[in-house]
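Here the structure is laid out as structure tokens; the discussion comes afterwards.
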Amino acid sequence: MKKTLLSVATVTALTGIASHNISAAEYTVLNGDTLWGLANESGTSVSTLKEVNELSGDLIFPGDVIELDAEEKAAEEVVEETDNGTYLIQPGDTLFKIGQKFNVDYQQIMEWNNLSSDLIYAGKTLIVAASAAPVVEEAPAVEEAPVVEEAPAVEEAPVVEEAPAVEEAPAVEEAPAVEETVETVQEQPSAPAAQNNNQQAQAAAEQRAAEQRAAEQRAAEQAEAERQQRIEQRQAEQAAAEQRQAEQAQAQQVSTGGNAAAVAHSVAAGKSYVYGGNSATAVDCSAFTQQFMKAYKGKSLPRTAAAQMSVGTQVSNPQPGDLVFFNGGSHVGVYIGNGQMVDALNPSAGVGQRAVSYVHGTVDGYFRY
């Protein structure tokens, strides 16, 4: 396994998203998610999410799992301490952070573990409790240096002169580890600078997120405008088509009764009477007059005879092409002149020409459209 180099001076070092098991405090990144949005939804800050998830930047990708609960994250890290007072170093750890986690001065941890500097490696085990620090008790091995005092026996041999090498054993005292540690601790004031960098990064991320939302809004507005334009274009084309049909129907009209009769017979051709029918092969009385008026004048009439009568203008001098109504608007036909009409009367009489007087009952009147 490749070692990860850590130090006290890098308290805020981030290494990317770590792998965790999914839990209620974790969230799987979806398309369109940003750290700024997730921080708002979870009631935290972008810098906190980055520290908890060990992120080195603001970019996240669909499928990543993000820790949303800093307290649960801390609890998971503390679990790494074993019952024998040791701790397995995790990626992103520093002596300063580990000391805070176990309420122990990081210099004490260095002493327990015979560390000459504040550099530690992920995957190594540290002693984090006095009860697990036999190394501290063995440290008095330096006191065994009195062997140097016994060296006088060696005065008989020139080897005594080499004994100073033993005096070098206090290398523990000479080790400037403590001084280096002090210097490292003094370097910690860089934390405000790191915090300032985090704030700047957060502001930049929020700015990018705002720009992205604005771009998406503009794209949505443009798409909606294009959709409305297409709808209006289709409506205009449909209106133009209907207008052309109306103009063609009007162009076919003439003032003679023969033309109204021709149109009525043309509409009636091939049709049979079916109550409620309104198709190319089956009609009732009001469906027939509705189709006739559309073909004759390009006008759309209501579906029922009574409704057709209510929108027409009653005339006393009927002309071919007017509609004639019977029995309180219960029946209607197309008047073609000379007392004749074309209508869809009933299943037995069918659709065809007959005298107005052929219909039993009373004539309500003639109406023009």
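Placement of Cβ uses the backbone N, Cα and C atoms for every residue, glycine included.
Small disclaimer: the values here were computed from a predicted structure and weren't measured.
The following features are taken from TrEMBL:
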- 164-175: compositional bias 'Low complexity' (COMPBIAS)
- 183-207: compositional bias 'Low complexity' (COMPBIAS)
- 208-235: compositional bias 'Basic and acidic residues' (COMPBIAS)
- 236-252: compositional bias 'Low complexity' (COMPBIAS)
- 25-68: domain 'LysM' (DOMAIN)
- 85-128: domain 'LysM' (DOMAIN)
- 254-369: domain 'NlpC/P60' (DOMAIN)
- 164-252: region 'Disordered' (REGION)
- 1-24: signal peptide (SIGNAL)
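Taken together, the residues in the domain 'NlpC/P60' (254-369) have a mean pLDDT of 95 on the 0 to 100 scale. Panel annotation: around the compositional bias 'Basic and acidic residues' (208-235), residues 34, 36-37, 58 of the same chain, lying at least six beyond its termini, place a Cβ under 8 Å from a Cβ of the stretch.
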